[in-house]
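Student: Have a look at this one before I ask anything.
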Amino acid sequence: MEAKTFAFLEIAMFIALGIQTFVAVTDAAGKDDEHFSVDYCGMNCTQQEDGSWTACSGRNGECRCYHESGKRSGLCLSTTYIDFSEYGNLSDSDIAAASPRLSMKESH
């Protein structure tokens, strides 16, 4: 009897986990107004003997050292997050109004 109860609860847990995963994936897939990117800065970082990490000097200070726990080497990465919903909804007329115009100079 205990084995059947345990098996039933285990199956119910896997079904609930599957539903939760499906909901999370479909919710994240609909986030077209957010953008997250990670770029490699072309260098690595290492942990020094005093515990500090070597600096990542690329891209005007945008690069940071990311490493796994317990590892003495890492990667210099630049991360960017943009939430496009902060900018509102631009219409075609807004974009046209913000576009640069050619100056008309008369020559004599």
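Using N, Cα and C of the backbone, Cβ positions are placed for all residues, glycine too.
Relevant sequence annotations retrieved from Swiss-Prot are reproduced here:
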type: SIGNAL; residues: 1-28; note: signal peptide
type: DISULFID; residues: Cys41-Cys63; note: disulfide bond
type: CARBOHYD; residues: Asn44; note: N-linked glycosylation site
type: DISULFID; residues: Cys45-Cys65; note: disulfide bond
type: DISULFID; residues: Cys56-Cys76; note: disulfide bond
type: CARBOHYD; residues: Asn89; note: N-linked glycosylation site
Student: State the Cα to Cα distance, in Å, between Cys56 (disulfide bond) and Cys41 (disulfide bond), rounded to an integer.
Tutor: 8
Student: If you count Cβ atoms within 10 Å of the Cβ of Cys76 (disulfide bond), leaving out that atom itself, what do you get?
Tutor: 23
Student: Take the C-alpha atoms of Cys45 (disulfide bond) and Cys63 (disulfide bond) and report the distance between them in angstrom, rounded.
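Tutor: Spelling it out, the Cα of Cys45 (disulfide bond) and the Cα of Cys63 (disulfide bond) are 11 Å apart.
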Student: Compile a sequence-ordered list of residues in the same chain as Cys63 (disulfide bond), six or more apart from it, whose Cβ lies below 8 A from its Cβ; state 'none' when nothing qualifies.
Tutor: Cys41, Met43, Cys56, Ser57, Cys76, Leu77, Ser78
Student: Do you know offhand how many angstrom separate Cys65 (disulfide bond) and Asn44 (N-linked glycosylation site) by C-alpha?
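Tutor: Here the two Cα atoms lie 8 Å apart.
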Student: If you draw a 10 Å sphere around the Cβ of Cys41 (disulfide bond), how many other Cβ atoms fall inside it, taking every protein chain shown into account?
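Tutor: The Cβ of Cys41 (disulfide bond) has 18 Cβ neighbours within 10 Å.
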